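This report concerns only the one structure given below.
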Amino acid sequence: MYVDLGSALDATPGVSRDSLERLDDQVATAHDRIEAGRNDHDHGYAALNLPARVDLDAIRSAVAPFADAEAVLTVGIGGSGLGAATLANALAGPDDPDAYVLDNVDPEHVARLLDSLPLARTAVNVVSKSGTTVETLSNFLVVREAMADAGVDWTDRTLVTTGESGNLRQLADAHDLPLLSVPDGVPGRFSVLSSVGLAVAAIQGHDLDAICAGAADTADGLSGSLFETPAYAYGAATYALAARGATTNVMMPYAERLETFAEWFAQLWAESLGKDGLGQTPARALGATDQHSQLQLYRAGPREKVVTLLRPTHRPDRPIPETDLDGLSYLGGSTLGDLIDAEFGATEASLAASGVPAIRVEIDGVDERSLGALLYGMEAACVLYGELAGVSTFTQPAVEWGKRAARGLLGGGDVPAAEAVEDRASLRIDP
Ligand SMILES: O=P(O)(O)OC[C@H]1O[C@H](O)[C@H](O)[C@@H](O)[C@@H]1O
């Protein structure tokens with residue numbers, strides 16, 4: 001992962017080279033804390049040790065029964081769904097099993113998806129670290145029933161990834177299902193480089209060693225200076241920009257295959273850093289498509305944004321056919337790759353012309369090694385940002401409140417949070 005901060009220097013809000021140099025002392029201190037946390041295997045920091053620790057053979061053996069799968073359905077939400085979806089959508093090839101993620105309980109969507117799947121040839125990958133998340137468990141009960149209705153033995157088609165205790169672990173033990181563990185000390189949104197994210201990649205036949213090697217390279221390159229460590233450059237610059245008013249971070253990949261990465265990034269950034277009145281709101285965009293919708297706002301709207309422009313520097317290409325149409329002759333000899341690169345450069349320049357800060361992030365290609373580097377790099381960036389901001393990066397108390405309230409409303413115990421839902425104020429305007 002390569003990071004270029006040039007377009008954030010003379011912007012509003014912006015960071016100067018001098019201010020980054022001053023910030024580098026704090027980066028060194030934060031790096032020491034991160035390394036101490038990694039050495040002690042502390043909660044959260046342990047996620048940054050995954051590339052060296054993850055047991056790829058255990059993942060390969062757990063997915064071996066699903067070698068015949070035509071589709072793989074992950075049932076999981078948040079960190080238990082987005083990592084698998086990011087890898088699947090980035091890496092999927094034409095002959096791979098199709099990957100789907102059920103991370104919502106919209107009944108119509110669930111029914112349509114189940115109707116469209118070849119259930120007898122579908123691997124069901126149920127993932128929940130806590131083993132208690134109501135959306136995941138409810139969806140799994142529905143999937144299991146659909147399989148039974150279709151005459152499929154669900155116990156032959158189900159893989160479970162969960163923590164050391166909870167309903168899912170009990171279910172896996174009771175039915176002797178293939179089982180993978182969420183490693184200790186790894187919050188869901190930092191778990192993509194474990195069985196949580198890698199099982200689907202394994203079923204699809206992707207190169208797990210290369211994903212982990214890309215991540216390990218990035219891990220080995222972490223140092224106490226943002227000027228030597230691209231991940232820290234990104235974390236430190238976004239932190240400094242947020243402190244100067246860039247409270248929104250637009251993640252804008254110029255590659256369809258990375259669209260889901262922006263969703264994964266949004267959870268990582270929002271849930272980790274949104275604490276104590278601080279944080280930076282992640283927004284998701286896609287280049288070049290959103291140049292024709294959201295770019296107007298990014299250039300000319302409120303000055304509270306930094307735009308992260310992400311692209312692969314190599315990708316399969318396709319020539320634009322010659323045409324004799326007047327006005328299109330300038331395209332002669334160009335490719336779609338030339339065009340999307342020109343659009344990337346034009347957006348960066350257009351933001352700079354308006355003084356809106358942008359950060360350029362590049363990876364070599366949308367391949368296993370580069371993705372491992374990108375995912376790990378963004379996790380390290382997030383942890384560094386959290387250290388600089390002094391927030392509790394690895395907790396999510398505000399999300400837990402909502403989970404308790406929903407459970408209470410469904411009769412799952414005497415939950416004070418549920419009463420707050422009943423007590424909501426209303427100012428309803430009827431037609
Ligand atoms: O893996 P689970 O325990 O089912 O949790 C799934 C998700 O639940 C909550 O929304 C948490 O805030 C997320 O961080 C977590 O990834």
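Backbone N, Cα and C define each Cβ position, glycine as well.
TrEMBL annotations:
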{"type": "ACT_SITE", "residues": "Glu271", "note": "active site, proton donor"}
{"type": "ACT_SITE", "residues": "His292", "note": "active site"}
{"type": "ACT_SITE", "residues": "Lys403", "note": "active site"}
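His292 (active site) sits 29 Å from the residue listed as 'active site, proton donor', counting Cα to Cα. Ranking the active-site residues Glu271, His292, Lys403 by how many Cβ atoms sit within 10 Å of each one's Cβ puts Glu271 at the top. Classification of Glu271 (active site, proton donor) by DSSP places it within a helix.
Lys403 (active site) sits 14 Å from the residue listed as 'active site, proton donor', taking the Cα positions as reference.
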